[in-house]
Structure formats: C-alpha cells, structure tokens
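Here the structure is laid out as structure tokens; the discussion comes afterwards.
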C-alpha cells in the first residue's frame, strides 16, 4: 500500500488509473458492485412467480413479499454505495486536507461494516424463507436457480464488504505521513504566542556586524599609567 496520508500519496499528482485498479479496496468494491447486481437482478427478473389460480404475482421465497423486497432494496442500495465509494477512490488522492482524508476513511470503515451486517441479515433471511418454501407453490421449479444465486451472492457479499472494512481500518492505522503532511504545523513568524524573536547566544568570536558579539574595549583605553608632575619652564 502506498505511503502518504491514509494510504495515498501527496495531493496534486496526476491521475493514474493503473494504480487505482490495483488497489485491494478498489478491487473489492468492484466485486461487491457485481455481486449486488446479481442479487437484485435475480430477484427482480425471476423472483416473482405467477399462479394461474391467482391474479397477483408472489415472491418465490415462501410467498413472503418482505423477503424479495429486502433483497432488492439491499442490492440496489449496495450497488449505489459502491459507485459512490469508487468515485471517492478516484478523487481521494486529490484531497489535500489530512482531516478530510481521515473523515473519508472513517466513513469507509463504518459504511462497509454496515453493509456487511445487512448482507448477513439478508443471507439468513433469504435462506430461511427459501428453506420453508412449499413445493406446491412452484411445481415447475421456475426461478429456482435465480433464487439460489441471490442467496449465494448475498453470502459472498458479507466477506467482500467485511474485507473493505478491514482494508479501510488498515488505511486508518497508517495515518498521516509526517514527511509529506503536517496538520499541526505553524510558522513561528505567525505564532501569536511568541511575540519576540528567540534569544540567540552570541558567539565567542568577533562580530563584524557589531550586533551580537561580546563588547571589547580598545586595547589602550585604560592601560595608560598616570604620569608624574612635570614642571613647566617659564
């Protein structure tokens, strides 16, 4: 993983798609995006059955409309979430503020863990309703492959989203690279708590400017000895 602030280099560099697609969290987002399409696509296309004796369609999962609605809703929202965070992955290296990067990574941790939990609930819900479904409701076994696919990819999505949360936490642990970023640095000349320039101890040598060296009196300033009285000739 790249050095820098929260797993990305210094802001302002050129966009590198090759580096983007090689990042583990970006790969997992794409995989999660595909899985979400499989889940809600399978339910929308083949998750509702027609019975000649009934006017309305019913959900293939034990005739429970909540099961189909849950799978479609979670799949669509997860699909949109993947798109949002894929866009964030593209924009993330351009974020110059360390605090903004921190917020983005923390949101990634929370959202990824949230979706891992909801996919776990969805897998358990769909699997349970499929298990208790009555064969007489679907004597021709229509849509059974799609129903099983939705359950399977709900299960796989648990791990892809949990993996995103783990990778985001690792990026959070990296933190800010002090060599490239500093969020607490203040220019001493702009620091109001330091009104005066710091004292610099003068050097022992001569000071050609006369500003900081030690004072040296002239060599003959006080060395002249008093001379005796000399009479004046008149």
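In case you wondered, yes, glycine gets a Cβ from its N, Cα and C as well.
Annotated features, as they stand in Swiss-Prot:
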- 1-23: topological domain 'Cytoplasmic' (TOPO_DOM)
- 1: N-acetylmethionine (MOD_RES)
- 20-173: domain 'MARVEL' (DOMAIN)
- 24-44: transmembrane segment (TRANSMEM)
- 45-71: topological domain 'Lumenal' (TOPO_DOM)
- 72-92: transmembrane segment (TRANSMEM)
- 93-104: topological domain 'Cytoplasmic' (TOPO_DOM)
- 105-125: transmembrane segment (TRANSMEM)
- 126-148: topological domain 'Lumenal' (TOPO_DOM)
- 149-169: transmembrane segment (TRANSMEM)
- 170-234: topological domain 'Cytoplasmic' (TOPO_DOM)
- 201-234: region 'Disordered' (REGION)
Counting only residues 6+ away from its ends, which parts of the chain sit with a Cβ under 8 Å from the transmembrane segment (149-169)?
24-25, 28-29, 31-32, 35-36, 38-39, 42-43, 47, 71, 74, 78, 105, 108-109, 112-113, 115-116, 119-120, 122-123, 126-127, 130
Local confidence of the prediction over the topological domain 'Cytoplasmic' (93-104), expressed as mean pLDDT:
84
